[in-house]
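A quick write-up on the structure given underneath.
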Amino acid sequence: MILEKLRICSMPQFVRFVHDLVPLKEDPDVVVTDLLFGTVPVKLYQPKGLSCTPRPGIVFYHGGGAVMGSLKTHYAICCHLCKKSGSVVLAVGYRKLPQHKFPAALTDCFAATTHFLKSLNVYGVDPDRVVVCGDSVGGAVATVVCQKFLGCPDLPKIRAQILIYAQLQAVHFQLPSYQQNKNVPLASRDFAFYCWHRYLDIKPSWKSTVLKGAHLPAEVWEKYRKWLGTENIPERFKKRPYRPVLPEPLNEAAYLETSLALDLLNSPLIAEDEVISQLPEACIVSCEYDLLRDDSLLYKKRLEDLGVPVTWYHMEDGFHGVLSTLDMGCLQFPCSTRILDSLVHFLKRL
């Protein structure tokens, strides 16, 4: 942030530069190929060795708030998923901040996913077992892709969605987890707001207005309360300090500038029932010490209420970004292995 204030280098560029300095560890059992789908860079992970039948396919969207994260930072995760589940994994390297704001990342992910779905036979993938998967903002992309591709009968149907501590709404910043975990490292509320305002090109001066809930009209809050209300969150998640906050009177100027947050491309959690009810089964991973925990809990309830099968794994000792500690030696947390094993178990029973 100091370098950004001195106009030497933006924070996102500096963080990505540092992250990408870490050397990649090759896995002898996985073949990794760098490709371009049009202008979108992707990494293809394929299990080494022949298979008599087509393999499952996973389209993976990395997290990082559209600020951090890259094909390199999630290399270990994709390698493990490929090797342990016997799947072909396609990781998408979408455009990010600061140069590329909404909807550049989604445009890239839509294009790369479409290309892959039209080329499954080339990569030996079973068209009946294609899964979309993502962590953090990548989980949001996976959800949006599922919703967007419902109206594409010419493409193979997505079999399942795997959402790892996903960001699923961009309107309510006073849910219990947003208060309880507002200062947890890696995904503090300040960092989440930084990503939010940069991605949607909103002035940072609206922060206090948004936190007070004054950026949306009363009728909008009322419309979405049935899905975003804290009564939808189990009581056991409200035991740590939490204070309900009622929205303050509308600030018209803030609403005009922030209303893009209501777009379903940014808040797939608030899609209508007719959309949610058509979605494929889901595997949802939530972490107790995560700002975005309640996004997962609310989405889980919406899916279940509409009859969509959900497999839910909650990590009591987990925090946002913990899966990325895989293969980090002494910095790896046991929780990361449990998450990976849970994902593999889910994939193998599809």
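Just so you know, the numbers here start at 1 and follow the chain as drawn.
Glycine is treated like the rest: Cβ placed from N, Cα and C.
The feature active site is assigned by TrEMBL to Ser136, Asp290, His320. Marked as domain 'Alpha/beta hydrolase fold-3' by TrEMBL: 58-205, 254-323.
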Rounded to the nearest Å - Cα separation of His320 (active site) and Asp290 (active site): 5
Distance, Ser136 (active site) to Asp290 (active site) (CA atoms, angstrom): 10
Nonlocal residues around Ser136 (active site), in sequence order (Cβ under 8 Å, 6 or more apart): Gly63, Gly64, Gly65, Gly69, Ile164, Tyr165, Ala166, Gln167, Ala187, Leu292, His320, Gly321
Model confidence over the domain 'Alpha/beta hydrolase fold-3' (254-323), averaged pLDDT: 98
